[in-house]
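Features of the protein shown, as given by TrEMBL:
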SIGNAL    A:1-27  signal peptide
DOMAIN    A:71-183  domain 'Plastocyanin-like'
BINDING   A:HIS118, A:HIS123, A:HIS158, A:CYS159, A:HIS169, A:MET174, A:HIS330  Cu cation binding site
DOMAIN    A:200-350  domain 'Plastocyanin-like'
Amino acid sequence: MFTRRQALMGVAAAGLLAALPPMTAMAGEIDLSALPRERIALVAPPFVHAHEQVSTTGPRIIEYTMTIVEKTVVIDDEGTTLQGMTFDGSIPGPMMVVHQGDYVELTLVNPETNSLPHNIDFHAATGGLGGGALTLINPGEETTLRFKATRSGTFVYHCAPEGAMIPWHVVSGMSGTIMVLPRDGLKDETGRPLRYDKVFYVGENDFYVPRDEEGNFKSYESPGDSYADTLPVMRGLIPTHVVFNGAKGSLTGDNAMTSKVGETVLIVHSQANRDTRPHLIGGHGDYVWEEGKFDNPPMKDLETWFIRGGSAGAALYTFLQPGIYAYVNHNLIEAVELGATAHFVVEGEWNDDLMKQVAAPGPIPVN
Amino acid sequence: MPWHVAETAAGGVVAVALSIAALAAHGSDRDTGAVAAPPTVVIEATRLAFPEPGEFLVEGRAIPAPVRDVEIPAFAIMTHQVGLADYGRCVAAGRCMAADTQARAAAADVPVTGVSYFDALAYAAWLGEATGATWRLPSALEAAAAAGERFSAETFSDAADDPKNPAVAWIRRYREQAASVRAPEPAARPFGSYGVNSLGVADFGGNVWEWTSTCYVRVGFEADRVTERSRTENCRVHVLEGRHRAIMSDFVRDGRSGGCAVGTPPDNLGFRLVQEPDRPGLVGRILGRIAAVLDR
Ligand SMILES: [Cu+2]
């Protein structure tokens with residue numbers, strides 16, 4: 001059992017870390033006062049805040065605030081609950097978009113109402129455990145971190161407090177993505193510009209929910225209550241749920257993503273903990289940055305692409321045919337049984353040249 | 001194996017015949033059988049505007065099921081769905097496979113759920129032996145008659161979809177499905193929780209969908225939507241009636257694995273049975289002789 005006392009010990013350790021001299025003070029004096037600042041409000045996935053694809057300015061300081069919210073979340077259509085830990089209230093956390101050379105200045109808030117210390121590790125950042133070493137905050141604290149976005153690409157961020165807390169916080173929902181665009185935008189393998197009409201952020205999560213003796217999922221009052229039971233399920237490495245956007249079915253039905261024939265969509269896919277293999281049923285990846293890093297030429301015409309656990313990738317596709325598209329993790333057991341399925345509803349004109357039903361299903365003719 | 005429905009169905013029929021034979025052979029002391037016959041409701045002969053279950057196509061495009069005006073002779077059907085405790089007796093007798101139910105074994109007053117079409121056949125065969133009567137699944141038509149005012153069939157919508165663009169119908173139905181989503185109610189609830197319809201049939205249209213003996217069909221029509229061009233029957237798949245119609249492979253026990261044209265999949269799969277009128281004495285006597293021979 002994870003007791004209140006142990007939770008408090010966690011807090012004490014956090015206090016120790018916080019007592020270290022702030023590393024920012026040791027850095028060479030950088031005068032960023034001349035740089036313009038922009039404060040951007042984050043939006044919940046699968047949507048992404050408005051941004052320029054090609055920057056019309058020089059480097060800037062982009063300010064974000066994220067509030068960590070511990071809360072009970074429903075993760076499937078049977079009402080199974082998870083003691084969720086979230087960046088800004090959503091699983092995954094919101095996607096940030098900046099340009100290469102910009103500075104990201106994040107204020108991270110851990111309200112008093114939470115029970116655990118948290119921090120943030122940006123895979124896009126250099127040094128200080130990705131910022132994790134400088135951002136561990138107790139309930140009732142906040143901190144501000146600035147890092148320079150030196151490399152372009154899609155990068156995961158996640159909570160990484162300490163030891164066994166790290167995977168537990170990540171599989172409780174604490175991960176998200178930052179996309180660092182090249183200042184002159186995305187390009188194909190020959191350097192010609194690529195643009196998108198829409199961007200969707202699909203964060204994939206693996207959850208490990210304990211069951212009771214009868215095989216039913218258990219529910220808990222608080223994250224601490226769930227810890228002891230959850231750890232052995234995590235160690236089994238077989239998730240009970242593999243979902244997009246925090247819950248089975250959260251990107252289907254009324255919440256399905258939408259597009260039109262002729263529209264180009266950028267799909268950013270993250271998995272902070274475990275490998276996955278996105279596939280658009282009936283479509284393709286026209287240009288895919290599997291590893292998500294835009295300084296590498298994109299791969300073309302992919303059927304399925306591989307997202308390494310602990311990374312985010314990006315796929316660009318122009319819809320050519322109307323209909324309902326399933327966007328899945330093409331381990332189809334995980335897609336259908338465990339929840340990793342999203343839908344696109346795409347309107348437009350049907351192209352008989354690409355596909356036509358020549359003979360409708362009917363009895364086999366007898367001669 | 002699930003695919004061998006014909007063989008299994010035939011096996012069920014044989015089992016019923018033998019049970020009657022056994023009854024006849026053992027004389028009148030078992031007239032009422034070892035198990036009391038479950039209560040039934042007599043559904044009087046009636047006429048029904050009945051949409052045939054299945055898939056109906058005109059030039060490759062799905063259309064709503066044609067509605068036929070059908071006459072149904074009187075029949076007797078179980079007042080309640082088969083209960084978990086009832087089904088448990090068949091399991092204890094070694095004649096039924098334990099159900100994949102979520103309900104606790106001790107819950108005696110709930111319908112059995114987590115049962116396939118094959119499980120329903122096995123239970124009907126065993127119940128025949130145990131009660132000395134003949135029990136079978138209702139047809140979809142009989143289920144509709146027994147459901148009375150609660151019958152809903154398919155919620156298939158028709159519209160002037162673009163014949164050049166199949167995606168128009170796909171997207172329209174997808175949106176309808178999204179709009180009709182309801183919260184699942186997986187937990188088995190005690191008999192009577194969903195009340196009794198005007199015919200005295202309990203709990204129809206609750207959170208248990210009921211297997212029928214009706215096979216899935218795919219029918220191709222001429223443009224007039226009346227003249228049949230082709231008909232394919234698939235009896236590895238059967239129709240369930242309930243809050244809305246569902247079509248499931250015979251071996252499926254979990255309704256949430258899908259099978260609905262529109263709407264949230266069935267929460268649970270269960271069944272209730274029709275009791276056949278008593279067999280003529282001659283048949284009983286013949287079967288009795290067969291049983292007597294088999295007994296030696
Ligand atoms: Cu955390």
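For all residues, glycine too, the Cβ spot is worked out from N, Cα and C.
Source: prediction; values computed, not measured.
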Remark   = Per DSSP (three-state), A:HIS330 (Cu cation binding site) is coil
Task = May I ask you to report the DSSP-based helix, strand or coil state of A:HIS169 (Cu cation binding site)?
result = helix
Remark   = Counting other CB atoms within 10 Å of each candidate's CB, the least crowded of the binding-site residues A:HIS118, A:HIS123, A:HIS158, A:HIS169, A:HIS330 is A:HIS330
Task = Just give the helix, strand and coil counts over the domain 'Plastocyanin-like' (A:71-183), going by DSSP.
result = 13 helix, 49 strand, 51 coil
Note = Taking A:HIS118, A:HIS123, A:HIS158, A:HIS330 as the binding-site residues, the residues having C-beta under 6 A from ligand 1 are A:HIS118
Key: For the domain 'Plastocyanin-like' (A:71-183), mean pLDDT (0 to 100)   = 97
Neighbourhood of A:MET174 (Cu cation binding site) by C-beta distance under 8 A, where only residues 6 or more apart in the same chain count = A:ILE68, A:MET85, A:THR86, A:PHE87, A:GLY93, A:HIS118, A:HIS158, A:CYS159
